[in-house]
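S.K.: I have a structure here, written as C-alpha cells, and I will follow up with some questions on it.
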Amino acid sequence: VEEDGGGEEEEEEEEGEMPGQRCNGFLPGKEAAGGGARAAGDAERDAARPEGDAVRPERDAARTERDAMLAEGGGRVETRVSPRRLAVLAVFSCYSLVNAFQWIQYSILSNVFSGFYGVSFPEIDWLSMVYMVAYVPLILPATWLLDTRGLRITALLGAGLNALGAWTKCASLAPGRYPVTLAAQAVCAVAQVFILGLPSRIASVWFGPTEVSTACAVAVLGNQLGTAIGFLLPPVLVPNTPNDINLMAHNISIMFYGTAIVSTLLFFLTGVVFEEKPKYPPSHSQAVLQTIPPENYSYKQSIINLFKNIPFVLLLISYGIMTGAFYSVSTLLNQMIVTHYEGEEVNAGRIGLTLVVAGMVGSIICGLWLDYTKTYKQTTLIVYILSFIGLLVFTFTLDLGYLIIVFVTGGVLGFFMTGYLPLGFEFAVEITYPESEGTSSGLLNASAQIFGIVFTLVQGKLTTDYSPRAGNLFLCAWIFVGIILTALIKSDLRRHNVNSGIMNLDVKPVPVDSPVEPESTALKIQSAL
C-alpha cells in the first residue's frame, strides 16, 4: 500500500513540476550523463543503512526530481509555447506606447507649451531630454531588479510609474506650473527605465525560437507607435491658441487626463496578464537557463562577463551611435524642417510621423527576416550601411525646396534607422547568451541615451550656428564609424546554437562549476557531430 501511494505521489509530482526545474542544480546533459551512476550509488548507500534509519525527505524529493528528469529521455525537456504570451506582448506594447507618447508630446508642441508655461524653448527641450538623462544612472539598478526580482515586478513598476507620471501632469494645468510638469515627466522617464529593457526578455522567456525575433520587433514596435501617435495626435488635440489661455488649458487637460486614464487601465491589465514565466519553457535555450540554481547567479559577475565580451562591447558602441543618431534626428527634426520651409510646422510633424511609421514597418520586416534566416551580423551590417546612405541622401536633399522629397527621404531613413533597433537587441542576446537579456538590453539602451544626449546637444549647436547640413554631416561621420565597428563584430550565435543543437545534435550543457569552463555563468556547449 505504501509503495502504491509513493508511486502516485511521484506521478503527481512529475505532472505538476516544470520540466526545466527537475535538474536539481544540474544542467540536462550533465544529469543525463551521470544519472545512472548516481542512481546505483544511491541504492548502495541506502542498502548499507541500518534498518529503521529513515531516508531524509530532501533526498527523496531530489531523487524523485532526478528520476523524472531521466525518464524524459536523456535529459531532454519538454518545450511548448503558452497562449498567454500574446496577451503579455500586447499589454507590454500598449503601455510602452503610452510611455513613448508622453516622451514626445511636449517636443511636437514646443511653441504651445513654451507660451503656456512662459518658459524658453530649451526648457521645453528638457522635457524630452529628461528621458535620456534619467536612464543612464538608473539602468543598472533597474536591470538588477529585473534579474533578481523578475519580469512581473519590473513590468508592474514600469506601468505603475507611467500612470503616476500621467496623473501628476494633470496637476500642471495652469501657467507657471512648469516645475510640476517637469517633475511629472521625470516620473515617466523613470518608468521608461523599467520598460526599454524588456522587449528581448519578454521575447526570450515567452516565445519559441522561430518567433523570438519577431516578438522582440513587435515589443519595440509599441514604443515606436507611441512616438508616431505623439507626432500626430497632440497637434490635433491642442491647437495653438495664444490669445485664449483658458481654451489652451482645456485642450491640454483633455490630452493629459485621457493619457492618465489609459495608463491606469494598462497598469491593472499588467497586473492581471503578466506572469513571471510560462509553465513550460518555450525553447531549449530557456530550459537550460532555468536549470541554473539562483544562488549561482551573480549580477556583478554578469556585468563583468558582458564587458569582457569583445563582440558585445563593439555592438554596445555601434548600437549607441545608431540609436543616438535617431534620437537626435527625431528631436531636432522640427528645427531642421522650419529652417528651410518656414511656417511648415504641421508638415514637420507629418514628416516625423512618416519617419516613425516607416521604421515600424522596418522593425517587423527585420524581425521576420531574422527568424527566417538567423543572419544577425549580415543583416545588422547591411541595415547600418543603408542607414548611412539614407542619412546622406536626406542631408543633401533637405534644402531642395520640395517637401515631397523630404517625406520620401525621411521615410527611407526611418525605415532603416528604426528597423535597426530590434536587430541590435536580438544580436546582443545571441552573442551574450546565457547572460541576462535584460542586462544586455539595458546596457544597449544606456549607450543609446548617452550618445543621444551628446548628439542632440552637438547637432543642435551646429544646426543653430551653421546649418542643418552641418549637423547631419556630423551624424554621418559617426555612423560611418559605427559601420566599421559592426564589421568587426564576431558573429557567435550562442543561443541559436543551443536551440538548433539540442534539437538536432547531442548537446550537453556543462554546469558552471565544471573545470573545463570556470566562468561563473558561462555554459560550454558540447556538440557531437
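Cβ atoms here come from the backbone N, Cα and C positions, even for glycine.
Model, not experiment: these values are computed from the prediction.
Straight out of TrEMBL:
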REGION    1-74  region 'Disordered'
COMPBIAS  1-17  compositional bias 'Acidic residues'
COMPBIAS  41-74  compositional bias 'Basic and acidic residues'
TRANSMEM  86-106  transmembrane segment
DOMAIN    88-494  domain 'Major facilitator superfamily (MFS) profile'
TRANSMEM  126-146  transmembrane segment
TRANSMEM  153-174  transmembrane segment
TRANSMEM  180-200  transmembrane segment
TRANSMEM  212-234  transmembrane segment
TRANSMEM  254-274  transmembrane segment
TRANSMEM  310-329  transmembrane segment
TRANSMEM  349-369  transmembrane segment
TRANSMEM  381-398  transmembrane segment
TRANSMEM  404-429  transmembrane segment
TRANSMEM  441-458  transmembrane segment
TRANSMEM  470-489  transmembrane segment
S.K.: Could you tell me whether the transmembrane segment (86-106) and the transmembrane segment (153-174) have 3+ CB pairs under 8 A, leaving out pairs under 6 positions apart?
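M.R.: Yes, the stretches contact each other.
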S.K.: Which residues of the chain, 6 or more past the ends of the transmembrane segment (381-398), have a CB below 8 A from one of its CBs?
M.R.: 318, 322, 325, 329, 336, 340, 362, 366, 405-406, 409-410, 412-413, 415-417, 419-420, 423, 468-469, 472-473, 475-476, 479-480, 482-483, 486-487
S.K.: With a cut-off of 8 Å between Cβ atoms, can you find at least three pairs linking the transmembrane segment (254-274) to the transmembrane segment (441-458)? Only pairs 6 or more residues apart in sequence count.
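M.R.: They do not touch: fewer than three Cβ pairs between the two stretches lie under 8 Å.
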S.K.: Taking the transmembrane segment (441-458) as reference, which of 86-106, 126-146, 180-200, 310-329, 349-369 has the most Cβ pairs under 8 angstroms?
M.R.: 310-329
S.K.: Can you work out the mean pLDDT of the predicted model over the domain 'Major facilitator superfamily (MFS) profile' (88-494)?
M.R.: 85
